[in-house]
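Student: Sharing a structure with you now.
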Amino acid sequence: MTTPSGPWEDAGEFAGVPDEFQRLWTPHRMAYIQAGPEPLREECPFCEAPKHPDAERLIVARGETAYVLLNLFPYNSGHLLVCPYRHIGTYDQATPEEVAEIGALTQTGMRVLREVSRCDGFNLGMNQGAVAGAGVDGHLHQHIVPRWTSDANFFPIIAKTKALPQLLGEVREAVANAWPTPGR
């Protein structure tokens, strides 16, 4: 039997050659992908998070009526969530104080992410209700998703996988350290 010859290369040799793509292996993501839908939660994760140390629950900043944390299942590195402490489901249930602080924390989050990650833009949004795509539909939260000119690719669409270049703990530390505090 003869070995076919042709213009291809051994897979062990294409870490960027000939197509210049880097291969990204993220086997730890398979546990999440294969897990399927989560069982119903007894408690609200956004009500529980502020009861724990910041680093343990990925909280980067706390205000009087709302706080900011990293999304545990981010669309991109640095994906922040701004949540009121109060368990409310929709924006129209927020008090004027909550609305103002959610807005101020969102602005600060954008400034910090721009500084820390050098992103080119943002997606902001609130998915209110399961029908609108909210993963935690009973507790209002604002998404701040940093975007880069080159971050769009087929991976999330075809493989339902998102490559993230930084670990959540590293992102949390960088954002929390850059977050302005009174007197700084």
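Heads up, the Cβ atoms here are built off N, Cα and C, so glycines get one too.
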Student: Could you tell me which of the ranges 4-8, 89-93, 139-143, 149-153 is annotated in TrEMBL as motif 'Histidine triad motif'?
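Tutor: Spelled out, TrEMBL records motif 'Histidine triad motif' over residues 139-143, not the other listed ranges.
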Student: What's the most sparsely packed of the recorded positions H141, H143, counting other C-beta atoms within 10 A?
Tutor: H143
Student: Look up A134 (substrate binding site) in the DSSP assignment and reduce it to helix, strand or coil.
Tutor: coil
Student: Suppose you look only at the motif 'Histidine triad motif' (139-143); what would the mean pLDDT be?
Tutor: 95
